[in-house]
Amino acid sequence: MEFIMAILAGILFTTGIYNLLQKQLLRIIIGTGLISHGAHLFILTMGELKTGKPPILTEGVENYTDPLPQALILTSIVISFGVTSLLLVLAYRASQVNGTDNMEQLRGNDYE
Amino acid sequence: MSNLAALPIILPLLAGIVVAFIHKKTKIVRILSQVISVVNLIAVAWVFLQVQQNGSIILETGGWAAPYGIILVGDLLSMTLVLTTNIIAVACVFFAPQSLSKHQEEYYFYSFFFLLVAGVSGAFLTGDLFNLFVFFEVLLMASYGLIVLGNGKVQLRESIKYVLINLFSSMLFVTTIAFLYSVVGTVNMAQIAVRVQEVEQQGILTTIGILFFFVFATKAAVFPLYYWLPRPYISPNPVVSALFGALLTKVGIYSILRTFTLMFNQDVQLTHTLFIYLAALTMLFGVIGALSTHNVKLIIAYNIIPAVGFMLMGIGIFSEVSISGTIYYLVHDMIIKGALFLLVGALVYVAGTSDLRKMGGLIHHHPVLGWMFFMASLVLAGIPPFSGFIGKLLLLRGGLAQDELMIVIVALISSLLILFSMIRIFIRGFWGEKTENPYPERKRKAAKMAWPVAILLSFSVLLGVGAEWFYPTIQSIAEYLMDPQIYIDSVLKE
């Protein structure tokens, strides 16, 4: 199971980076979204995957899922959600004000 | 256990929230922010003195004991940096009304400002690696707010690049934490430090360490990851640039300093040698950037990069003297970069342009500004008796003691070039024939801009002239960092 998840995370990373290297702004933002999904899956995998086990350690429970990665992912998801929405608004404004969403044309020069 | 460790985070956090609710009442917000900043500075100074006398204060949040709960560790290093952060915050909050437009002040500048201070203080204080990531995000979120403030064409364009690179490095940070978690099974820094010694396959830990280094190097602008820094840093308002230049890259350097003295010190031969080479390249490329342009703001922004190189050099050499040099330089550089960005903001304001070729003779109209700039250049380049000299002296002494001749030579050359790039602004901008003052009506406001800078500069001079007075503290921090067992014992209480 971990093996499949690792490959999946890898695919998400590669597609994310491919999109990140595009010129169109929206594609770049989708790329960051894919990368963050990859990272989150990765954290989950790193805490060992077990089906149907409680994320809790009490008396009587001997086999349990590690609850910490889930807490970490939750925090990380909220953060990346916030940043992505900010980025979308920012990209919208920037492309409107600058009149283009092509990164090639958004380079800029020294004296502005 | 003491709640004092959370004070430097909670006070600005609350202030940021309160100020957001009354954002339209500019005058009240302004005075309130100034008062809160000063109060916060005094409070932090008091906590600093407590730490200096009684040792680190540790807060276990929610009462969960060390390896399980999130902890805040206020040791001498953290508190020194938090104190410096607050000194800069006070200078910036008094500079802000002069340089911001009414619109910018109204639309949450002070909220973002306080959240930034809270995030930076949190990043310095936390004793938990994942919590460090969270505080990074807090300060980055605030910085995203600050960088787009004003909504200009260039600003929007540059902030996209800034947000993207930081988002990417944050995701890399999370992934690296996941790697480390799978190897050592904890995110508490002290416990990581203990378990790192016990892991049998040291190779994988070195790999993870290097990954962490790349994450922090992106934030700190180390070669070859500095390319994103100069332009986004010059596009917002000068006071925002000053906050960024003084605080943000330094958080990256602090993180490198902390992780590579506490946790990843098992393969010094490999990691720290890498640091030395990267430090040399950082210095050279940064200073070449500073020499390559006529834009005064860009010159200052490029000058951040060689400073990062100097600090990394101290970490790379990894001896007590060089680490104390790094800490000294860190404090010095935070203050002087804040002062320089504010000064250049005032300079661009009175000259009406940021192109060096269109300036000249400004010292006849603004003598105070001119001489302050001259002094700041000397401080930055490390001319004795100012603070830059002490930091560099310690770094070079550390380098010579370990026979790292290459880095010492590169450091000396780049210091000289830094001085050249700064003096160029002074000669081209301030010296020269007396011309007609382009904006005579801006004189009064420029005088108001000068005094927050004067405070920062006087701190910087104090740091240099009173080195005898500060050095014992810095040295004890270096001793403390070189012996991670002290940190581990104070956190885990074994």
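Note that Cβ sites are derived from N, Cα and C of the backbone, with glycine treated the same way.
Since we're looking at a predicted model, the values are computed, not measured.
Here TrEMBL flags B:6-22, B:29-49, B:69-95, B:107-126, B:132-150, B:162-184, B:204-227, B:239-257, B:298-318, B:368-386, B:406-427, B:448-471 (among others) as transmembrane segment. Per TrEMBL, domain 'NADH:quinone oxidoreductase/Mrp antiporter transmembrane' is recorded for B:127-417.
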Leading contact stretch, B:29-49, B:107-126, B:239-257, B:368-386 vs the transmembrane segment (B:69-95) - CB distance under 8 Å: B:29-49
Tertiary contacts of the transmembrane segment (B:162-184) (same chain, 6+ residues out, Cβ under 8 Å): 129-130, 133, 136-137, 140, 143-144, 147, 191-192, 195-196, 199, 204-205, 208, 211-212, 214-215, 218-219, 228, 232
For the transmembrane segment (B:298-318), sequence-distant contacts whose Cβ falls under 8 Å of one of its Cβ atoms, 6 or more beyond its ends: 220-223, 226, 229-231, 233-234, 241, 245, 249, 252-253, 256-257, 260-261, 265, 268, 272-276, 278-287, 289-290, 292, 325-327, 329-330, 333, 337, 340-341, 344, 354, 356, 380, 391-392, 394-395, 398-399, 402, 404, 407, 411, 414, 418, 421-422, 424-425
Two-stretch contact, the transmembrane segment (B:239-257) and the transmembrane segment (B:132-150), at least three Cβ pairs under 8 Å: yes
Cβ contacts under 8 Å made by the transmembrane segment (B:107-126) with residues that lie 6+ beyond its boundaries: 5-6, 8-10, 12-13, 15-17, 19-20, 23, 29-30, 33, 36, 40, 70-74, 78, 81-82, 85-86, 89, 92-93, 96, 100, 132, 134-143, 145-146, 149, 243, 247-248, 251, 254-255
Long-range Cβ neighbours of the transmembrane segment (B:204-227) (under 8 Å; 6 or more residues past either end): 136, 165-166, 168-169, 172-173, 175-176, 179-180, 183, 196, 248-253, 255-256, 259-260, 263-264, 266-267, 270-271, 274-275, 278-279, 281-282, 285-286, 304-305, 308-309, 312
Distant-in-sequence neighbours of the transmembrane segment (B:406-427), which means Cβ under 8 A and at least six residues beyond its ends: 276, 279-280, 283-284, 286-288, 290-291, 296, 299, 302-303, 306, 309-310, 313, 316-317, 344, 347, 356, 370, 373-374, 376-378, 380-383, 392, 395-396, 399-400
